[in-house]
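Written below as structure tokens is the structure these notes are about.
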Amino acid sequence: MIDWPNGTAPGQREDESSTQERSECVLAYIPVVYYSTLLCVGVPVNILTLVALYRLAVRTQKALYVYLLALTGSDILSQLFIIFVGFLLETAMFHRDVPVLLLRSVSMLEFSANHASIWATVPLSVDRYVALCHPLLHRQISYPARARRIIAVVLTLALASGVPFFWWSDMWRVNHAPNNLDTALIWTHVTIIYFLPCCIFLLLNSLIILRLRKRQRQQMCQDKSGQQLAVPGKLGKTTAMLLAVTSVFAVLWAPRTAVVLYHLYVSSVHNDWRVHLAYDLANMLAMLNTAVNFFLYCFVSKPFKAAVRDVLLFRWGPLHLRRPLHHQRTAANASTTCVSSSKHSQREVTPLSLKRADIKSC
């Protein structure tokens, strides 16, 4: 971001011509101030979100909050690895005065956290699609234990997908044109980070919207015919939250994807100050995605706002656990059995009592 001389490259010094050709950072210290503010606001807000979602997950026993917990935890890791370690420590404070092995290891962790932050939203989208389009199936397959297993698989794959980016080149300072390795890594990056998840979000969100419109048409037909409404056509709060999260991601990450591909095929970040500026701004927009989900949740979900209010006011009352479905069914069956047995006993006892009364009267 900020153009400082690299005095720690082992045995390598850039000549004056390459130094003159290097693009300058037009924003100067603005990225440092921006990322510092984003870190100071985003980390506490995400921790507050994590606590509130945990309380809701324990209270309701819904798989939805397990997915949101994974998304929030991945956002915190992205803020720590990418913003704090990558942008602030390496670029602003240490001036890349760190070993190359450590730089590459941190780069691998940055990409792993970034992939986890984005791909944690994919099972949430699948869960909402199944809940709206196949509600009976959703009741059978959607529960917290399965959601935790799915999240464990997603995080493991995200960690594994970050390993190839150990060899990722620094676009700000590498003065050579992208080679075959850079091309493969860039295309792998934009596919994993943007194109593939956006295609999944677009497909599932389109199916959800089509199903909601179909229900609205059914509702209008039932209104005209005077029949009783059986299927609501209203957009649910959870669905609205999902559409907001995925739409914000698609908008905020689009500029960075475009600039990375422009760097690959048109002009390098190292040589053109305009591409350098665009890359800085695109990264700033992309990292904003790690701090906006809290405000989306507050805007859409009343239970989440109530949970946040309880956390801020230190209302640490007992969490009322929701009994599992099979326990509820067992209790209902038991109560039904008790009622039927009591009625049966009344039927058996009443005639005997009447007979005894008749004998006494005689």
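From the backbone N, Cα and C atoms, a Cβ is placed for every residue, glycine too.
According to TrEMBL, the feature transmembrane segment maps to 32-54, 66-89, 116-137, 149-167, 187-210, 242-265, 277-300. According to TrEMBL, the feature domain 'G-protein coupled receptors family 1 profile' maps to 45-297.
With a cut-off of 8 Å on Cβ pairs spaced 6 or more residues apart, the transmembrane segment (149-167) and the transmembrane segment (277-300) reach fewer than 3 such pairs and are scored as not touching.
Listed stretches 32-54, 187-210, 242-265 were compared with the transmembrane segment (277-300); the greatest number of C-beta pairs under 8 angstroms is found for 242-265. Listed by sequence, the residues of this chain that lie at least six past the ends of the transmembrane segment (32-54) yet keep a Cβ under 8 A from its Cβ atoms are 1-2, 65, 68-69, 72-73, 75-76, 79-80, 83-84, 87-88, 92, 284, 287-288, 290-291, 293-294, 297, 304, 307-308, 310-312.
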